[in-house]
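Record features (Swiss-Prot):
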type     : residues                               : note
BINDING  : Asp95, Gly206, Thr214, Glu216          : Ca(2+) 1 binding site
BINDING  : Gln177, Asp228, Val229, Asp231, Asp301 : Ca(2+) 2 binding site
DISULFID : Cys82-Cys135                           : disulfide bond
DISULFID : Cys165-Cys249                          : disulfide bond
DISULFID : Cys191-Cys244                          : disulfide bond
DISULFID : Cys196-Cys207                          : disulfide bond
CARBOHYD : Asn69                                  : N-linked glycosylation site
SIGNAL   : 1-50                                   : signal peptide
Amino acid sequence: MYGIEYTTFLIYLISIILFNYILKSITRMMDYIIYKFLLIVTITSIVVNAQNYGVNLPITGSMDTSYVNATKGKPFLTSTLCLYYPTEARTEINDNEWTNTLSQLFLTKGWPTGSVYFKEYDDIATFSVDPQLYCDYNIVLMRYNSNLELDMSELANLILNEWLCNPMDITLYYYQQTDEANKWIAMGQSCTIKVCPLNTQTLGIGCQTTNTRTFEEVATAEKLVITDVVDGVNHKLDVTTATCTIRNCKKLGPRENVAVIQVGGADILDITSDPTTNPQTERIMRINWKKWWQVFYTIVDYVNQIVQAMSKRSRSLNSAAFYYRV
């Protein structure tokens, strides 16, 4: 009897030892497989250097500021350049082949024939109503005129920045500007804008809400108006809506594929809204020549340096979106 019990006990003991050995062997094998898999994944991630685009990324408006200029140090073989100039330039040059001549000169700087487009506009006021910038790089030439300095500044502010605009129903609602980036932009053949600031009881401050003749006039018969009022205060507006479209706009950031070249003038245009900060003159340059041929020759000479200060990763500006966007 004792022999049978002793044998049974040995069998159980051997079974436990064997099971424990098998379990440890399986554990070591699983650890080896897991560690090897993690090592392979780590090495693969380093080698591939994979990037994840567009997964739960916040929408911030302008995308171009997060990219490095892709054209830096390379020929501009796949890019387009639009050169906007006033009618007076063509009139003064008086040569039917002048654009062909400039195209050949741009070719010497690495811009293939057909990649540079010459766009003419009548004057600053007309261009302000319908600015459309479609090329990868856009250079706008403005002849300085002391009588149009403020109009030039507003146009530069419009085209050098990206704006998100929504319609305004001024007949039904009051409006307020929330911060420095919030502006009211009006375009049209004739924009006259009056405002009446309101207190917390929606009563006019220095004006009568029922009498537009008591409103403060901030623009008179202009084609482009960027209106800035006191932030955080409701305003009732009066606008010549028959000849003007006004939008509530938010500045998203710089439109980095646009540069403004000022022809003449003592100082470069300043498009800064905040008087306490340094002048905002990014991508605003000045050329001091009397003759337009010399202006264009200078642009050809410095076109690549000008483009290096820009980036082609910006949205195209189409004023039709301003008028019809809902």
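Yeah, the Cβs are placed from backbone N, Cα and C, and that goes for glycine too.
Of the listed recorded positions Cys191, Val229, Cys244, the Cβ environment within 10 Å is emptiest of other Cβ atoms at Val229. Of all the Cβ atoms in the protein chains shown, 11 others lie within 10 Å of the Cβ of Asp231 (Ca(2+) 2 binding site). Using Cα positions, the member of the binding-site residues Thr214, Glu216, Val229, Asp301 nearest to Cys135 (disulfide bond) is identified as Asp301.
Ranking the disulfide-bonded residues Cys82, Cys165, Cys196 by the number of CB atoms within 10 A of their own CB puts Cys196 at the top. Around the Cβ of Asp228 (Ca(2+) 2 binding site), 13 further Cβ atoms fall within 10 Å across all displayed protein chains.
Checked against Asp95 (Ca(2+) 1 binding site), the recorded positions Cys82, Gln177, Cys207, Asp228, Cys244 differ in C-alpha distance, with Cys82 being the nearest. A distance of 17 Å separates the Cα atom of Thr214 (Ca(2+) 1 binding site) from that of Val229 (Ca(2+) 2 binding site).
Non-local neighbourhood of Glu216 (Ca(2+) 1 binding site): Lys194, Val195, Cys196, Pro197, Gly206, Cys207, each in the same chain, at least six residues away, with C-beta under 8 Å from its C-beta. Cα separation, Asp231 (Ca(2+) 2 binding site) to Cys165 (disulfide bond), rounded: 17 Å.
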